[in-house]
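Colleague: Under the heading UDP-N-acetyl-alpha-D-glucosamine binding site, Swiss-Prot lists Ser195, Gln287.
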Amino acid sequence: MKKIVFTGGGTVGHVTLNLLLMPKFIEDGWEVHYIGDKRGIEHQEILKSGLDVTFHSIATGKLRRYFSWQNMLDVFKVGWGIVQSLFIMLRLRPQTLFSKGGFVSVPPVIAARVSGVPVFIHESDLSMGLANKIAYKFATKMYSTFEQASSLSKVEHVGAVTKVSDQKNPEPDELVDIQSHFNHKLPTVLFVGGSAGARVFNQLVTDHKKELTERYNIINLTGDSSLNELSQNLFRVDYVTDLYQPLMELADIVVTRGGANTIFELLAIAKLHVIVPLGREASRGDQIENAAYFVKKGYAEDLQESDLTLDSLEEKLSHLLSHKEDYQAKMKASKELKSLADFYQLLKKDLS
């Protein structure tokens with residue numbers, strides 16, 4: 001039986017594509033393994049998926065671009081993670097390793113290359129993260145969501161592979177209950193803060209609940225169960241799975257962070273959106289770059305977190321609603337998306 005090892009983690013964005021691909025390989029008779037951190041979100045997501053995947057936990061350390069005494073300890077963690085991954089590779093002898101990035105992916109990628117296992121990696125953002133910059137040196141091939149510099153000879157631009165589609169599905173019963181609390185004469189605004197929610201969105205909704213619910217139906221994916229609420233014109237919930245796409249479809253506008261997975265999901269269903277990217281003080285600036293790219297393409301509006309107020313947000317919402325057809329036409333004309341089926345066929349072809 002052919003074997004494939006997946007890796008990637010730290011955030012849901014570094015796991016999502018793996019979760020989409022693994023069932024395809026299982027259906028085709030592959031034995032699927034995953035290398036990650038048992039305390040990480042990758043392990044949680046695989047357990048929730050119920051997929052027939054063997055999980056191997058390794059030591060992992062954070063890769064920092066700045067000086068920290070923790071770097072010294074984490075160098076040893078990464079080194080031990082490489083040794084652990086090497087033993088896993090030599091024991092399994094897989095046909096390939098597929099990496100979605102994140103700090104946990106570096107040891108398996110290095111170990112795979114050392115043991116002669118072909119390495120395929122995927123980069124979602126406009127600029128490569130530190131983990132994938134390291135992984136690229138050991139990779140057989142990299143697939144990218146955005147076009148990359150021509151000097152990166154191992155990169156193939158494939159566009160975004162998303163978990164949502166423009167196909168309409170039956171409404172879940174829970175959605176009917178949510179809609180019964182909404183005023184259908186008002187536009188619906190969905191706040192999405194990534195897998196852990198976004199405190200800045202949660203605070204905005206909390207501080208301006210009265211004003212917001214007078215003018216909009218508000219859906220707030222919070223990442224915090226203590227904020228859960230279903231009341232007049234308001235639905236706040238910590239986490240959703242099956243409701244994710246139905247809520248996307250219900251919304252007239254989405255207010256989101258600038259993670260590539262989410263904004264390309266919005267592009268896939270031509271949904272109006274305002275991007276509030278994580279600032280450089282909290283990230284390497286990849287979300288700022290992603291947001292600027294989408295604004296330049298005419299897909300979205302952006303708003304820096306430091307400028308986020310009720311007034312500034314409402315100005316963006318009003319602009320999008322009044323120019324709805326223009327934004328949707330540009331999104332529908334985009335050629336930057338790839339179906340899961342097409343990407344899977346491309347990957348299988350490259351593996352052969």
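Glycine residues also receive a Cβ, built from the backbone N, Cα and C atoms like all the rest.
Remember, predicted model here, so these are calculated numbers, not experimental data.
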Colleague: Take the Cβ of Gln287 (UDP-N-acetyl-alpha-D-glucosamine binding site) and count every other Cβ within 10 Å, whichever protein chain it belongs to.
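Modeller: Excluding its own Cβ, Gln287 (UDP-N-acetyl-alpha-D-glucosamine binding site) sees 28 Cβ atoms within 10 Å.
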Colleague: Taking DSSP three-state, what's Gln287 (UDP-N-acetyl-alpha-D-glucosamine binding site) in: helix, strand or coil?
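Modeller: Going by the DSSP assignment, Gln287 (UDP-N-acetyl-alpha-D-glucosamine binding site) falls within a helical segment, counted as helix.
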